[in-house]
Amino acid sequence: SLSAGLDLPGRFLFAILTLMMLIANLVFLEEAVYLYRKIPSSKKSIIIWINATAPVIATTSCIGMWIPRSTMFTDFTAAVFFAIVIHKFLLMMIKECGGQKLLLKRFENDHFKISTGPCCCCCLCLPRVRITRRTLFWLKLGTFQFVFFRPAFMFLSIVLWTNGNYTLYNLSPKGAAIWISCFVGVLTIIALWPVGIMFLQVRTILTCKKIIPKFALYQFIVILNNLQTAIINILAKQRIIPCAPPLSSSARGAYITQQLLIMEMFLITLISRVVYRRRYDDLEPPECMDEEAGDKNQTP
């Protein structure tokens, strides 16, 4: 723990950030109780999982801030949880369309636009893919592979780290960190692609269910938890973030990342409560009621 080595401003900053983490968890718990009581059972666990993303990342960052030696394990926990949430977000969009059967029936003559980010946003010549049960399976597989491989690579990193063969900031070709980071980066891009494809297809019909702000919050978490962390790590590695004894550049980079994530996830938790807080019963906005009534009439 660093509490013994902190001056008064440092203790005050740590106390404020810890308080923000606790408030974020209390807000999530209150929201989880509300969602558990109001949401239909088919959507309950998925939406609660998605809402838990920001509080979990804030909690793991706070633990890593107070106990620096636990950083590998807190990063492992956050990475595993976020990998599951990417898959859950794809499933949530399918559920909000009434489930896979109704989604296929609604878009039976339509096609997915696959020239979207982060994989193929520049490849505008790619053909559109017909929406079938098989294409939905491949989209789900694209996010599910991340649930399996991300924890596997993180576990391998911890095993190598305990054996002294893995250093996070050693980016030389002979080190394991650069190769594991590259593999995880490719898997992340592959996992984010199906979510982008599905969002482009359903964003119009799910406007009444606030899918655009929900997707924006999801994108913010992706950027802050991955891209922001990677940029700060590179700046620390290049000594652009100066050392401040007893902290090295790498240690200061880790602290900056954790402190920023706590503040950012605190704000995202509060915004998520507003976005996801609606009446989850039969009283839907008029456009949603018209769509659901049409679906029921078309269902044999």
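Just so you know, glycine gets a Cβ as well, placed from its N, Cα and C.
Just so it is clear, the model here is predicted, and its values are computed rather than measured.
Feature list (source: TrEMBL):
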TRANSMEM  12-34  transmembrane segment
TRANSMEM  46-67  transmembrane segment
TRANSMEM  73-94  transmembrane segment
TRANSMEM  137-161  transmembrane segment
TRANSMEM  176-195  transmembrane segment
TRANSMEM  215-236  transmembrane segment
TRANSMEM  256-276  transmembrane segment
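Remote same-chain partners of the transmembrane segment (215-236), defined as residues 6 or more beyond its termini with a Cβ less than 8 Å from a stretch Cβ, comprise 50, 53-54, 57, 78, 82, 89, 168-169, 188, 192, 195, 199, 203, 249-250, 252-254, 256-257, 260-261, 264-265, 268, 271-272, 275. Between the transmembrane segment (256-276) and the transmembrane segment (137-161) there are fewer than 3 Cβ pairs closer than 8 Å, counting only residues 6 or more apart in sequence, so the two stretches are not in contact.
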